């Protein structure tokens, strides 16, 4: 099983036993509590700093406190490492000899080593000690699952259709991409790297450049499953498609017979996005600012493709399997299993012709037309003709010329020729106008008096009957003469009175080439796809006038055939010579018949150099191999060189192992990884820098996974692999009951280990690098390197390796495969063994089984060292720590356990996975764990705190394979979803970003404090909005409003700011107002801000540019109405106060000067008036009162008096 090469453990280190773990756990809890308290203080300091900060002195104090907090955190980070080391080492049990002094000395050595490690980590670029975040570096997702593959057209073809289908500005440069069927969808693949960019229906499936550690939602998987099981989704599955010549549009036909046209340069919009887009367009039209549409590239869009037109139902009764675009881009043809072919017009959106299959002459059926599945559709590659060849399952080829008798649709739908020389399905056809351009009478087209309507040349066809036929195209013209009995309506004259010309077209078979394999694909190589012949010897091998065909089929070999044009005057049989084999793939590069052979062959210009055209062969295992034909170094012969390959589908990834780089290696890859997929082959991928295939100066470099070869030798599925720490050897275990040892550089099998009676489920290599150089008797006796295998037969075997000298001799020799002999063997478990692994010092071997146990074995004699019991289900993986004497185990009971190898006690248990845990790995520091499970998640655990630091959601199925690079900077994961993902540690980048954001925040808060001290409220408002601090914004707005309330300049200031605010800031400000309006004391500021916004900006512009305004105002309205009701009640209550004060003033008489001055300064709603002994207040309320005179008359009318309250004097007088 693939494991990472751990470092050698320092002497005397061991993990704490369960008997002494309580005290250490208490110390750890205290330390974590202190850390939490410090973090809380830091958080409170930060909050207070954000809310207050009005004075310069306070800002300086906050800066100083933040620096102290940063220093404390840095000290705690260093202390965490020492504390974790002490927690692991101080509570260790003593060694077997019981020497406490050696234990204490070893502790000192460990502390010194830890200090060195910390210092080295601080001064180097290695990942931090405690990792908290991982992000995707790149991924290799399944992009092709079988079916149609279309390559973007060459620039020459794109430019020929520029007049009919013009490209957008900036899109004249070629775009290199591949369209391939991916289940019921179509994937867009980047040509140079093979990366899956997006799919047509779903868009980007994997966020390869973003941190996925916090985006996991367990409901997403269920939603995806529901979508996959939905019958509507199945009905929308694409069964056939074709790419337009301008590389921007393509036609797709679904399983429900719907024909749609997609735009690859436009993104599909949801309802909200479409509404937003319409609003933005309306806003631009309203403002008179209509911007020019910016073109986009096919490879730069990550959204689903946009459906630009729907043609409706196709009219076929059975699924459509073939779609072909005419070179003009105006017409396209659809072919179905029912044998019907329909021609469609993209400009008008309807079908123009229906081409039915003709009855076979040998069928003898009197019922009419026979219906046979369409296996091939091919237009003649010229924009001036509409000639279509249709190949069918019965071996017939129908040639249709839609321009002959174009006025008679019925006559135009009939074929001009039907070829029935093939005995099986026709797979490919091709035209060539360069050779055979002569008519039946031997007059060439150039010398003829009239231009041909159909065109001459040669026609090639291939089929599954293992032959390639060559046809000579000829035509005859004859004048139709009106006979004496011919009716007028059938006159042979046209509308202009000219005699009509009858054209007879014939396809004569002149050559038949037997290729002795079922030809699945054939293509004609133009001159630009061939190497230039310079010397005379090269011209004899390949002349520029020669016709070259490339074929591939069930034998899995790409072949090139050559024919020489002959003398045109010598008859039709001498037009072209017989085809002879020009070139073929070598046995080492060919895919092979036993693997299923090739399924299609394409011509493409998708080269990383943008210069040399390539042949792309697609095989039965969904791989795309790019081949280049070139002259050998001595220019004596041609050869087919493999340029690169794209793996379309890996199958289920069962295991992987990162191959350590060699010191003297010339490989430019950053990492090399070997994959065990659901096949008998082991695939090797390299992670390196790849350039995007773009023409121009802006070439972007990024990391990409590319195949680097295969290891083929097993006869059954490979279950486990492991690489040696020296990077030279690889071992594989398979269901064929064998273990094989490989030499990685030469990709040769060095030896085979046989002896197990059942499938070998796991394999591991020794970890000491120096042991691989040990050979001879010492190696046979166990002093050298070794391999360990665990089988379904429940046995464990140790296989010694003969040493690097012997292994290198085996790699250089041409002898047959050698055999390895088992040195030790033991029956390990009572059930199937799932995993075997070797300790860093090669002293122990750990095995995990379905019997819920993990057993530790001594490598010297396979004696049982101890048994780890505690899991409730089978154990899937176990891993030794690179630092301490502990081992981690992963089980189907959804837990990970940490065990001490000294006393075999459980130290830690990690819970968090929602399904069984399949793999576990230690990080390089030994302080953290990485685990993967059946839930498709990868979790990062900190051993000291027993907590999950991060969760990575990058797979849709079980993650069977997990491995770390030797440097610890890259993590590789693979699963049952056929996805290989590479992750990198982004903790340092995230911490740097957080630190930079904090520094920027401190600077802006200081600016805010300075502006507030200097009373620059307008500048302070912008800074507070930038900091997104609602309390500071409210404070600044309060100062602005209260600065000059008499003249209303606060409102004018806010209106000036509102005009300058962006849409997002306006929305943010209205959201603030909604929150402020919930409290009575802040409602006035909220209403003033809303007043400034709605008065400064037109309502139509707010409605078009801002989303969610109705929701925001709906939250403002209820509280605003409540506040207005409260103000109305206060105004009504103030009338009583006015009456009381007026009444109190009348007691002192009209000559009271103080009362007169107060009355002048006071502002009533309506000034109180005195009429007929009554006081009128507010204009509507009349209150009766006593009119007091200087004589204090007691006479009054009780009916005219309304008493509101009683005074003490009046109460006393009544009592008297």
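Heads up, the Cβ atoms here are built off N, Cα and C, so glycines get one too.
The region 'Disordered' annotation in TrEMBL covers 1-131 (among others).
Per TrEMBL, the feature compositional bias 'Acidic residues' maps to 23-40 (among others).
Sequence annotations record features per position, and here TrEMBL assigns compositional bias 'Acidic residues' to 48-71 (among others).
For 91-105, the entry in TrEMBL reads compositional bias 'Low complexity'.
The compositional bias 'Acidic residues' annotation in TrEMBL covers 106-118 (among others).
Positions annotated as region 'Disordered' by TrEMBL: 211-231 (among others).
Taken from TrEMBL, the feature compositional bias 'Acidic residues' covers 217-231 (among others).
Taken from TrEMBL, the feature region 'Disordered' covers 267-301 (among others).
According to TrEMBL, the repeat 'WD' annotation covers 313-354 (among others). Across all of the repeat 'WD' (313-354), the predicted model scores a mean pLDDT of 93.
If you look up TrEMBL, you'll see 479-499 (among others) marked as region 'Disordered'.
The repeat 'WD' feature in TrEMBL is assigned to 711-752 (among others).
Each residue of the repeat 'WD' (826-857) gets a DSSP state, and the totals for helix, strand and coil are 0 helix, 19 strand, 13 coil. Taken from TrEMBL, the feature repeat 'WD' covers 826-857 (among others).
As annotated by TrEMBL, repeat 'WD' applies to 868-909 (among others).
Positions annotated as repeat 'WD' by TrEMBL: 910-951 (among others).
If you look up TrEMBL, you'll see 952-983 (among others) marked as repeat 'WD'.
Taken from TrEMBL, the feature domain 'U3 small nucleolar RNA-associated protein 13 C-terminal' applies to 1005-1144.
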Note = Counted with DSSP (H/G/I as helix, E/B as strand, rest coil), the domain 'U3 small nucleolar RNA-associated protein 13 C-terminal' (1005-1144) has 120 helix, 0 strand, 20 coil
Remark   = Sequence-distant contacts of the repeat 'WD' (313-354), meaning Cβ under 8 Å and at least 6 residues beyond its ends, amount to 157, 160-161, 164-165, 239-246, 249, 251-253, 255, 257-259, 261, 369-379, 381-383, 386, 388, 390, 392, 400, 402, 409, 412-413
Query = What are the DSSP helix, strand and coil residue counts for the repeat 'WD' (868-909)?
reply = 0 helix, 24 strand, 18 coil
Task = Tell me the residue counts in helix, strand and coil for the repeat 'WD' (313-354), as DSSP assigns them.
result = 0 helix, 23 strand, 19 coil
